[in-house]
Every structure is written in structure tokens, then in C-alpha cells.
Amino acid sequence: MAESVELPGRLAILPFRNQVLLPGAFIRIRCTSHTSVKLVEQELWQREEKGLIGILPVRDAAEMTSMDSVLSQGVASECGERSSKVQINTSDALKVDGKNHPEVIHWHKRGVAARALHLSRGVEKPSGRVTYIVVLEGLCRFNVDELNTRGPYCTAKISPLEMTKAEMEQVEQDPEFVTLSRQFKATAMELISVLEQKQKTGGRIKVLLETLPLHKLADIFVASFEMSLEEQLSMLDSVDPKVRLSKATELVDRHLQSIRVAEKITQKVEGQLSKSQKEFLLRQQMRAIKEELGDNDDDEDDLAALERKMQSAGMPSNIWKHAQRELRRLKKMQPQQPGYNSSRVYLELLADLPWQKASEEQELDLKAAKDRLDSDHYGLVKVKQRIIEYLAVRKLKPDARGPVLCFVGPPGVGKTSLASSIASALGRKFVRISLGGVKDEADIRGHRRTYIGSMPGRLIDGLKRVGVCNPVMLLDEIDKTGSDVRGDPASALLEVLDLEQNKSFNDHYLNVPYDLSKVIFVATANRAQPIPPPLLDRMEVIELPGYTAEEKLRIAMQHLIPRVLDQHGLSSEYLQIPEAMVKLVIERYTREAGVRNLERNLAALARAAAVRVAEQEQAVSISKDVQKLASPLLDNRLAEGAEMEMEVLPIGVNNHEISNTFKISSLLVVDEAMLEKILGPPRFDDQEAADRVATPGVSVGLVWTTFGGEVQFVEATAMVGTGELHLTGQLGDVIKESAQIALTWVRARVADLKLAAAEETNLLQGRDIHIHFPAGAVPKDGPSAGVTLVTALVSLFSQKSVRADTAMTGEMTLRGLVLPVGGIKDKILAAHRHGIKRVILPERNLKDLVEVPASVLSSLEVLVAKRMEDVLEHAFDGGSPWRQHKIRTKFLKSNI
Ligand code: ADP
């Protein structure tokens, strides 16, 4: 190990080209050039004791930087392993190569004395050239005072640069040196421990750290790194131990950092490599297995297509991440594996859903919207006005959180078509979601994917179908949702319609939030009453009453007939349905609040016409051919029995001629006979009420059903029995109770009403009463038949017929008070449809008459009743039966 050495005044110099030997470092060199062989031979090989030589760095000019000014001036040499001739410049030595191009070299001013640890001599064959391999150990720095390049090799007059022991001891006291030493030691230790972890070679160096003086160790450490020549030279030039330590600390630290960075990078690369390699390997195996099993690679193509579709779906970033995770899972699965298909269907839904795709909303033109509503729908002035208001608000504030419109009315009054008109006025797509009969919450919210056969809810499904995120969505028949053990769909709908919550609607199947806030919801219902109040609260109810006969006629003439003709490929040139016939269809074939059946009947007429037209078309074309055949030329040919060559006429001409002929012959004007032939015998007539109430015990009521208002007959009869009340006609509890109340009231007033002889106060003595509500197949309930029931009973007991032109509605209390009921408008419209002329209403329902169209009111006599007596007063010809005071006891007895 490098202990302090005595340096001679002059040393043989071995130049090191662009390389530095630092004290404490070892180097193995091969000497082949003439000068170096000579030097080794004379200075090392032939000496008995171990000789010293000086190692001096020399540099090519290209390696120089302007910083280097440590060149010995005025020295010239002709040595160095590869140098042949060296010329002296003021500061540079010029090396001339064989082609006479001078090459400048620089001698460094400081070098390191070295001793040979090992020498071996070799003789090259066949040239006989001698070479040496020398292992040198750097010992200590020296300064070149004078360089002599004459002679077989260079020599130099030198002076030592290392400190004496005393000087060193003094420096070691220096606190700056102490701090620097500590710093160096710490950094060196750190490096050693890093190296230890990596290569398990730190043990030996650790020992050095403990035993060697640190300023020497600095050289040894630095010598073991790969460094630039500049750094090596500056280390060589650091004669002051403090400078050397701080430089070494810096270099060791840098080396440490670079090891760490390199380690990090390798770790990362290794990690990635091993993961991707593993995946690659597994994929290869999978492919091999698939090939073995005969599975083709279609699935992979499909998955790639699916991935592309997902990429272009415009999902929000968090959902995209979720989808990618699912896709990665899918990729690892085999198509036969359970869950593969469901995962794939799920991803396809994610890719298909319109996350961002929206129909571009046109600038809303209110005038155009109004025109459109008017051209699509007849009448409905108030409803259209409200829709225009709604659209106007949207125009001024597109993100306005207006209420959800809910059209309430009987079937066929145009609720759906109004909603679709809103969509076209806004330039949005339209999607209808039927909620009728939905009892399961999962129908709205979807089933969780853990269930077999799970699927998204109807809303998400609808959005997938429509393909845009801002459609007008019609929630049809929102009143028909029910709740049972499978949850409450209405509560899920609450979330949908709540503008605060529907930004992140959570479908169980989708399992990621979907923004419904851009959807415009419109709902329809037949009745507002069954809609749960919280849901109703979020909607603005717009009622669409049924149409009057006059309105229906207008709708049919202006809208339905043109549409029906168009749908059947006809025009008014082929089929004409006169107004009078439409009226007949309305009166005799349809008795509904809306126009759906009317449209159906008109369509039946159009179908019949279409058949006739199609038949005639055939007949006409055949007859034309016959005409052509009748030409003399063809006649002749046919006569000869020759084969005829058909001539093909240009189609345009032919068609034109045919349709001309056809037009004239096929115009069909519907008449009464044709109506009966196509639609069958009339289903309704105004005589119905008169026929039914011809016998006492029958009264005409007005009720409300999901199909709008209806006329409801009530039949009562008495028979021998034990005083029981029989009720039939699929009645609900409320209506059964009404019947009880009605009977009690009549029995309680038997004397007042003069329904029985004074001695016979018990009307039920020896008889049963049976009350029936036809049509027996239709379930009925509600309190509004109260007055009708009493009227029927009074009619029965008094044996006096009720007026056939009078219908009534109203709930009755036990004490005979007439209470108001709902649906007055629809009920009056129904009475009007049935040709009823007088309507008895509870007094407190008078206010509802404002909603009834004036044309209907003008054709009806509205009679109000406060008490049951008032009803009876109006219901019978000539007022209440008791006024006429004819006790029918005899009849009652004979009737039994
Ligand atoms: P709902 O949804 O109320 O059951 P629809 O909207 O399906 O009824 O209407 C049934 C048919 O009647 C549709 O063809 C519709 O265009 C037509 N219709 C209803 N009301 C009108 C009206 N006021 N003007 C023109 N057509 C109407």
C-alpha cells in the first residue's frame, strides 16, 4: 500500500496518452514501442531493487480546453508510445505523423511516481521484438521541473508534491479538513453500502476506509470511477488535501447519484419488461391452446373493434378508466368462460351509450313551433299555449329547470303526439318509454350485474336506442306504475325527474353515473290521481279533456283522413269520406273521449278502398292488353295460331295511361251502406238510454274511467227474500258501501218519499234487493254513483221510470247531502256523446263547468243538487215521485 516514499531528483518518464494514474491506483500496461520498452528495460527490468518511474499524462490537442494552462514550457520530447517526432512550439509539442502533418501534444506538468509490482517480458516471433507487460502502482504526485526528451526515453527533473508527515499532522488539526473528511467518509460509506447491496463487494473497501488516511483514500476512490480526463487531471492537480477531499466528495456523491438513478431506471424497465414479457408469454400460450382447440381469432378482432368503439364513445374520464379496467378483464377471459358474454354486452352498452353525442339544437323559432303544433293538432288551444310558454322559457334560458310537463287525459286525445311535436319543435330526437304495468324498480334502474339475465333499466335502454344524450323522453303512462315487493318504481322515477339528482343517475346495471340532465322529460297519464304525490309535485299537469263530437269531426277531416289515406297509399282521388259519414262513424261506431277508435275505423274504410283500388288496377291493365290484342294484325296472327311476339311498351307511357283510366273508374265515395258493409252494424245509438230506462228501477249515472267519462246504468230489482242486498258487476268496496248507504237512506225515508203504505215501513220485508252495474266484465269503484243508486232504488220502489234524457253524478252522505265529485268535464263530455240532454251535478261542482267546452254546455241542461231530494226532483218526469203520491204497494206485491 502506498506509504510515503522518497523520490529521487530525476525520474524516467513514461507518458500516458489521455489517461491519468492517480496515487493508490493500479494499472496494467503493455509496452511495445521502442522508447517504452527501452524505459522499462533500463529502469525496471535490469535493476536489482524495485525502481520508480514517473507517469505523466500527455494529451492530444483535440482533448484540450482553454482552461488547461498547466503545460510545461519549452520542453521537447521524442517519446511516448506512439510518438515519433515531437517539435516544440511555445506551449505545445507538435507530433508529426508519417504524412508530415504536425500533431500537437501537451505534456501535463504534474505526474505520479509509480513502482512496478509485476513485470513480464515477451519476445514476439518471428520478428524477435521484445515487449513488456507491467503492473504499476501509483505512489505519489510530483511536479515536473524540467523535461528532457533527448535520449532513448524521456526523463525529468522533478520535485515531490506530497506533504511531509509534520505538515500533514498540522492539516489534520484544521477544522475545515475535519469537516471535509467527515463529509467524504459519510458519502463514501453510503456508496459502499449501495455497492454492497448491488455486488456484495463492499467489505474490502470498508476496511480501507477504516485504515487508510482519508486524503489518500480520496484518490483511490476516485480512481475506481469512470471519469472524464478533465476530472482525472483536476484530481491529479489537487495537491492540497482539503481541495482533494472536497473534490473527491463531490465526485463520489455524483457517482452515487448516478448509480441510484440508473438503478431506478433499471428497476422500472425491468418491471415493465417482465410484466409485458409475462403477458406476451401468456398470450402466446393462449393462442397455442386456442389453435389446438380449433378456436379462431374472431374474438380478438371483435374486441379490438369494441375497444375502438369505446374510444370514440366520448366517455367521461372516470368512466373511461372503469371501462378500460373491464376491458382488460375481458381480454384475459376465454369466450367460453362464464361472465365473458355479460362483460362484453356490458362494455358494448358503455360504448353505445351517448355520453356526449347530442342532436344539435336549432335556434328555436317560436312562430315555427306554434305553426307546427297547429298543423299537427286541431284545437287544444290552452294546451298549445302552455307548450309555447314552456318553449319560450327554454329559448331564453336553455338550461332552465322548468317543471316536467305531464299530459293527463284519456287515451287517444293526442298526448303522445303533442310530446313528439315538442321534440320536433326543439329539433331533438324523440324516445318513448312505456311505464304501463311497471311494478319492479329494476325496470327503471336496471338489475345489478350479479343477476343472471340482468339488463339496464328502461331509461338507459331508451337512451341507447335513441343514440343522443339530449332527446325528448316521453314517460308514457306514468300513472300505471305500481309498487310491490320488488320495490317502488315511482321512487326511482323521483330521482329521474329531480333536476338536482338526475345529473348522476345511477342505473344498477350500468354502475356508473349517467347524466340525465340534458334530457327533456315529458310524461303522460290517464289520471293524475294514482300518481304518487311526491312525483306529481315535480310535474306540471296539463289536462287534455276528451273531444266533443264536433271537434272529433274537425280532427278527422283535417288530420286523420289525410293521414290515413297517405298511410294506405291512397289520395282523395281514390277515396272520399264525406263529413256526414264521418259524423255517423263518430256517433254510431265510436263512443270514446279521444279519437283513436275513430282513426281505426277510418283506417278500416281506407283498407277496404285500397283492396278495391288494387283489384281495379289489375282489371284495368288486363283490359288494356286485350285492347291491344284486338288490333287486326294480331287478330290475323292469332287466327293462324302463330306464336305471338309480345312488344314491350315503355313503362312511363303505360303507367300514365293506366292510371288515367283507373282514376276515372275507381273514385270511391263512402256512403251509409258501405259503412255498414265495412264497419258492421252500428254499435251505438241514442236510443240506448231510452230503451234501458224504460222499466222502473234503472237510472243513468256518469262515471269516470281511465278511458275518460262514461255513462253507467244502474239496475235495481226486488224479489222474494229475507231482506238482503245483492250487488253484482265487479264492484269495489267503496261502491258497495255507497249501495248500502243508498238503501239505508231510502229505507229511512220510506214515509217521506211515500214509497210504501203507512203500515208497511220496512221496505225489505219479505224481499231481497239486487243491484247490478252493467257491463259486468269491467271493474268499477268510487263514490260518485251514490245519487244514481238512490235514484234507481226510488224508481224501483215507486215504480216510476227515470227520465231517459237525464244522467247524474254525485256522492251522497248517509243524511242525504250531495257531495262534489271529480272528472266533471269528462263526465259531461261523455253525457254529450251519449246524446243525454240533462245532467244533474252536485252544487259544489258548478265551478268545474268553466272547463267544459261552451258548445257542449249549450246543448245540455245542467241541473244542480244540494240534497238527494233535489236529485230526485230532477230525475223523474214531473218532479219527485212522492209528489205524485201514488203508492205502489200493490205493484210491489205483484212484482214479487
Ligand atoms: P294518447 O297519447 O293521448 O293516447 P295519441 O297522441 O297517440 O294519443 O293520439 C292518437 C291519435 O290521434 C294520433 O294519431 C294523433 O295524431 C291523433 N290526434 C289526437 N288529438 C289530435 C288533435 N287534436 N289533432 C289532430 N290529431 C289528433
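Keep in mind that glycine also has a Cβ here, set from the backbone N, Cα and C atoms.
Heads up, TrEMBL stuff is auto-annotated, nobody curated it.
Listed in TrEMBL:
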DOMAIN    11-256  domain 'Lon N-terminal'
BINDING   Gly409, Pro410, Pro411, Gly412, Val413, Gly414, Lys415, Thr416  ATP binding site
DOMAIN    693-878  domain 'Lon proteolytic'
ACT_SITE  Ser784  active site
ACT_SITE  Lys827  active site
Check: Near ligand 1, which of the recorded positions Gly412, Val413, Ser784 have CB less than 6 Å from any of its atoms?
Finding: Gly412, Val413
Notebook entry, point to check: Rounded to the nearest angstrom, how far is the Cα of Lys827 (active site) from the Cα of Gly412 (ATP binding site)?
Noted result: 17
Notebook entry, point to check: Among the recorded positions Thr416, Ser784, whose Cβ has the fewest other Cβ atoms within 10 Å?
Noted result: Thr416
Notebook entry, point to check: When you tally the Cβ atoms that lie within 10 Å of each candidate's Cβ, which of the binding-site residues (Pro410, Gly412) has the highest tally?
Noted result: Pro410
Check: In the same chain, which residues outside the set Gly409, Pro410, Pro411, Gly412, Val413, Gly414, Lys415, Thr416 have their CB within 8 A of the centroid of the CB atoms that define the ATP site?
Finding: Phe407, Thr524, Leu544, Ala593, Gly594, Arg596
Item checked: Listed recorded positions (Lys415, Lys827), ranked by Cβ neighbours within 10 Å, top entry -> Lys827
Margin query: For the C-alpha pair, I'd like the distance in angstrom between Ser784 (active site) and Val413 (ATP binding site), rounded off.
Written below: 24
Margin query: Long-range neighbours only, meaning 6 or more apart in sequence with Cβ under 8 Å: which ones does Gly409 (ATP binding site) have?
Written below: Lys415, Asn526, Glu543, Leu544, Pro545, Gly546, Ala593, Gly594, Gly708
Item checked: Secondary structure at Pro410 (ATP binding site), reduced by DSSP to three states -> coil
Note to self: Whole-number answer please: how many Å between the C-alpha atoms of Pro410 (ATP binding site) and Lys827 (active site)?
What the structure shows: 12
